[in-house]
Structure formats: C-alpha cells, structure tokens
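Encoded as structure tokens, the structure appears first; notes follow it.
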C-alpha cells in the first residue's frame, strides 16, 4: 500500500530528525566550542539528506496512488499532512533554496556585529538580498499553493491562516490595545512595588525550577532541564530538552522562562503516542505551540492564585523577604511597561510589538514597502502603538530580532495568535471546570487534563480552526484575550 | 574523479556517524530512560542508512575506476582504507547480518539476567545461535578475504594481524607470565599497604579528574568529561566525550579510569586534521587505540614518578592522610592479585585473561570446540594460568564478558596487543628522550609530543606493523613488555 510506504518514509525521516534535534540541543548546551565546525557540517549533511529524501521521485507516485486507496479518516488526514510537508520541501527550485540559505547565513552572521554597532547602513544591502530571495520564494510558493505571497509564507508556520483574517483580528486589537496600555499604566503608577533582593544562587534557582516543572506535570522520564544562552524547548517529544538561563540578580527571569518552556514541553509530551512518528502526530502550528507556553506562563503562572503557591517555594529556596509577599509578587509579575524590546515586553504590550512586525513583513513581502524604508516605518509604528520612538536607534528598533535576518518572514503573528488562543482556552476551561483560581488552588491536574483532552492529544489530526472551535466552542476570537487583560489589569 | 566521489561519500558517512556518536554518548550520559525506545529506533535507522549507503552499486564502479587514477601515495592508502570499510560492509549477505543482529540482541539481553543468576544452561542455546551465525559470517568473510575463519574476524579489529602470530606471541607470554605472577606475589606478600580512607566526595573527584586530564594535555575545547554507568571514550575526534563512574569509597577507580580514557581521547584529538573525515584519518586499530590508553594508565600513571606528582593533588582535594604517601600509593597501584574477573585485573595478570579468551574464541570459530564445552575449558585454563577454578561459578567465569553475547569474536587480543605496543613505545621513547622518570618529573609535554609524532598523526596512513616499526625501531615484540613488568614488579 502506498500509504504505508509513505508512512515508512516519514517515520525514517522522524528518526533522522530525532538525531538532529538531540545534536542541536547538545550544540547549545554541552558541546565545547571547538566542536562547532564539525557539528555544523554534520547537521548540514543531515539537513541535505532529509531534504533529498523528500525529493525522491518515487514519492510523487506514492502520493498519487495513496489518494486512491481506502484509508481511515485519520489516515486521510495523515496523508494530507505528509503531503503538506512534501510539497513544502519540493515547491522551491533547489538553486533558490541554496541561495536563500547562503544569503541568510551571511546576513545573520553579519547582524550579530551590526546590531550592537547600530549599523543600519551596513545591514541594508545584506537584508535586501535576503528580502529579494524571500520574495522570489514567496512568489513560487504562492503560485504552487494558490495563495497570496505573504500568505504562502504564513502557511509554513500557521497552516490555514490568511492575512485578511489577521488584518481583521489585529484591526480589532489596535482599536482597544493602545488605550488599554495607557489605562493600565495610569492604574499601576501609584502601586507599591518591592524588588526581590538577590543574589539568588543558581543551584537554588535550578532546584526551584525543577520543583515548579514537577508541579506543572513535566515528565522527567521523558525530558530534562539544562542551561543555554538562548532558552528553548528542543529534543523530541519522547525526550524533551528544555533549557533556561540563570541571572543571579533576577529570580523571575529563569523561573518564568522555565514555566513558559514547560508549556511547550507538555504539549510535546502529550502528543498521541500512536501518531507521534508521522507529521499528523506532531504539534499543530507555531501559534498553537505558543498558546501552550503562554497558557502556562501567562494564564497560569502570573495568576494570583499561582503566585500564592509560588511564594512559599521562593521562601524555602531563598529565605523569606518582604518582596516575596504574594500581593507584591503579583504586582511585579503583571507590571506593564512599554519598551522598545519585544522579548522583554509584558503580556499587555507584547501584541503591539507583533502587530508592528506583521504589518511591516506583510508589506515587505507583498512589495508594498522596500527594505530601505524599514527604520522610518518602524519608528512610526512604535510611536503609534507604544508612544516610543526608535529614530537613530535601530539596534533597539528594526535590528533587534533575528527572524528576518535569515528570511523567516511569516512567523511573528504566531506569538500573538498563541496569546489569543491561550485566553480562549482559559475561558473555555473555566466555563467547563470552574474558575482558574479554584483549579490552581486545589486541582491543578484538571488544567492539564483539559489541555491533554482538548489540545495535546489532537496533534495535527484536526486543523487549527476545528481544534480551537472544538476546544473553546468558538473560532479564533480576541474577545477572551481582551477580557483576560481587562480583568487582570483593570479589574 | 572517482577518488573524489568516493571521498565525498565517505565524508558524508563521517558526518552521519558524528550524529550517531553524539547521540550514543547522550544515551549513556544524559538521556532520561523514557527516551530510550525512540532513541534506539533513531540509532537503528541511522545504522541501516549508513549500511545501505555502502551498498550503493555506484561504489563498486567508483572503486574500480579510482584504481586507474593517478593518486598521491597518501590518496592510494586512503583509497585502500575506504575499500576496506566498503568490503567489510558488503561481504556478508544482508539476511545473515540481520539474523546476527537479532540473535546478538536476544542473547545479550538475556545475558543481563542469566549472568547474575549463574544460569549457564539458560544461556547455552542462545549462545549457540550466536556462535552458529558468527561461524557462518566468518566463513563468508574468510572466503572473500582469503583468510582463515578466525583471522577474518580478527581483521575487523586488527587489520593485518593473524592468529599464527598471536600463537607465537602468546606462546612466549605463556612461557614466563605464570611464573612471574607467582614471583611477584611472593615479593609483594610482606609489603605494608594502607588503603586510603573515604568517603571521597564526587565533586572533588571530578575536579581532581579534570585537573589530571589537563595535566595530561586533554583539549577541553574539543571534548568533555561526564558520568556513565560503563565508562567509555566516545564522541568524535573533534569533540571527544569521555566518561567515568565515581565510587565514593575508592578514589583510584575513577581516577585511573579517567587517565585510561584520556589516553584514548588524546589519540583521537591528535589525529591529523587534514584526513580526519576519511577512513585513513581514523585510528589505526583497536590494539593501537588500547596502546594509548594503556600507555597513559600503565606506563605513565602507575609510574612512581607520576604517583609522586599525584600525591599532592590528592591531598589538596581530600586532605592529607598517611595512605597518600607516594610509596604507599605506588604499592597500591601496582598490587598484583590474581582474580576471576578480567575488568578488575591488574597489569600483570591481565594478559592471562586475554590469552584464555583468545584460545577459546579461536577454537570456537574454527570449529575445534563447541559452545557446550566452554565452562570446562574456561575452568581448566584459569587453573593453568592463574591457579583459580570457576567450576559451578560461570557468572565469574565464561559468563562474565559482554563481547561474545552479541558475536564480537576477535576483539579480545587487542587488549594485550595494546599493552605490548604501549611497552614498546615506552621503551623507544626512553631510548630517544631519556627515562620516563625524568620526563614525568620535568617534561611531560615531551611524552605527548613523542606520541603525537610517532603514533597519533599517522592515523591509518601506515599499517600497524609499519607504524610500530617506525615508532619503536622493531616490529611487534613482547620483550619490552616483559622487561617493563620485570623491572616494575621485581626490580
């Protein structure tokens, strides 16, 4: 049966990607620096091999034949997901893929020095090359998929999502978010705020982190916690490798990071065992993935009831201090402070950073804007959304993110889609199971069971709209997110 | 050029094996147990892929064409080494390879319980299956290589080595070793011996180990030290992953283990950068590899001058105690004590364990002995060589090693070849550079430079005989080993 032949092919791919994922984790956590060149070559060889395997001409025949076979409904979805990965890997000419990879490496490499030097002029020609190739790729993808150019890139990260929907969604956000930010700042201005006093020993931060991961149901028989310069959730779903970075002066940084990554990790660990080796058994989309990390970090961990549970743990690990009082911690963890840097942004201002990037990348890809106009547009939108300018300060403006340096256009919306999905999930869960406050206080397991039943176990067996509709009783909608922010920040 | 096509093929193989080596290390050191099944599948997929790539029919044409090409002398050797790996992977029918793999896994798996239960009868049928398939493989290899059956297995680990040479070499050892063992025991009987008193904190053992590795020139930019249940030297030559196991009551166990593995590691780290990705740039043989670990552990680390350097380090890490006196430590580290277990054996009795296994495995493979006769033969040879019986105690007799359980016949001689080569290298080095005592006291770097120049940099560019002849001024010869033992243990 051709379906089985395809399954075998993709299972083999899964196994090879397993080796790549573990070696990628090792590279970030364990590898001595002198091993980097050989590792990069080895990872490159694997990437080429995996790409070549998808180019195997036999696959086209298998896909054609499998469509005629009598399949279960789940096998039909599985076939569609395999086909999606296969089309994704084969719709671009090899020369273009190679050129993009080269230009991307060059631009990203240079960016590491150009950003700290605030050197927009030095960056521009490299970025123009990346943009030019990304536009070509978008055109090729658009033609193959029958989508607009930007949508064809978005499709890689958020299958089924379209920019007209994002325009509506973000249009709604834009109508109330800037006002909300000002209101919240006004409200918070007079609030007392005690900063916890460090240093916080790294060994203690690590054991606190492990304890909180256990409380959040992380399965240590299928994963571990380590340190890397840029925290991530890697490895494979059978063996999730989560990393963090400790700051001796700030205990919240690693702690909230660990909770965030634990959300990603539990999604991976909760994927259905039966389908795990096939594309259909993998996470639904970047937005759904981010909805789990943000559910854990924002809906759960910054909830006053959760902070009340955290306080005694903090005291046990670092000794008592007034700043660990739950009220104070709750204020600290929900402080809203518009700033220039996305990765430092709080829950309320974060979507502003995303909307800005979305508008710019959409216009760049659709040819409605040129690379050279980026700093000015960035400054303008920052003024509009957060009242902050970046003129002459590109390093904290349009040079701050790594994403575009290697041509990852279409990814940014996932962050805010994740925040919105997380709020929808929290609202639905509370409707069905009782308030999060009660759940956190006395039956945290119910939270994870709900996510397991409604999100994790479905992997990619449902499309995102169906997944969200089925879990939350409504399609993608920012109402719950707005209500969540209003209640937490103005309530 | 076909030679270049072959080089590319083998370089790609090297990169893929890199991923396997790192993931293998991870499996033993970092992986949570729940990840094992997926990891085993991933590693299995890689092994099959690497094997399949060598089966590519294009390779035969490339090899045929490359022989006609104008190559440098090093390229000619490189071609021969590629061809050796290729023939090795292709000379057995696939069905036989699969059957061996299955029977080996089954037997090894069962052995893990049967050995502690001392269950020879339960083990026998499984072992007979493994032996039967290994004999078939030996026949097929023998025919393809024009060697005897046992020699065709030996060839996998010690290219160029033949059993008639081993018979002569071990015949010589047998003529003086059992007598020497008795003499040494007589001499050591009255010697005072103080055991260091633990516990020795693991963190301190680890920092001592790292310090000694640094003293031995281990390059921490291209490798690291971790913990595993069974210590090994893994990873890749650009990133050597060395492991140990700590015993809180016995500081010598991890320390000597680390020194041993550092010998393997420096050989790997010292391989020529230029050839590293090709078979010719890899370690010459298992015996030569073991000669480096045994040079470090036996020739260097158990030398009184080295122990004199170790003593203050031990005191610094664990506090002073009378047992750390260099004289006492030297006696401890050279104590000869015939026992049943190979891996616990001292330098003097170790070859007896190897000769016994060599004789048995040679006769098993050549059909001169049957599996059922193993316990009796083992007991007889243990009586002959070490005066110890194993009747009714197979768990400490013929069931003790993992090697034969999965059909690794032909490996054991490498251990004693390594000890002999190490002694030859030490003798030659001392002739050229001055006594080891002086070198250890004041110019340890000369030791490593000599090994770099004479062994490491040659990788597989020379065959073993030429390598040893060139380095030591003589071919394989046990005289230096005998002199070393006489001098250290009776001198």
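The first residue you see is number 1, and the count goes up from there.
Backbone N, Cα and C atoms are what each Cβ position is placed from, and that goes for glycine too.
TrEMBL lists B:260, B:264 as binding Zn(2+), and of B:211, B:238, B:290 the one it places in that same site is B:290. Recorded residues residue B:290 (Zn(2+) binding site) and residue B:261 (active site, proton donor/acceptor) have their alpha carbons 9 Å apart, per Cα-Cα distance. For the recorded positions shown (B:261, B:290), fewest C-beta neighbours within 10 angstroms: B:290. Of all Cβ atoms in the protein chains displayed, 21 besides its own lie within 10 Å of the Cβ of residue B:264 (Zn(2+) binding site).
Counting every protein chain shown, 23 other Cβ atoms lie within 10 Å of the Cβ of residue B:260 (Zn(2+) binding site). DSSP assigns residue B:264 (Zn(2+) binding site) to a helix.
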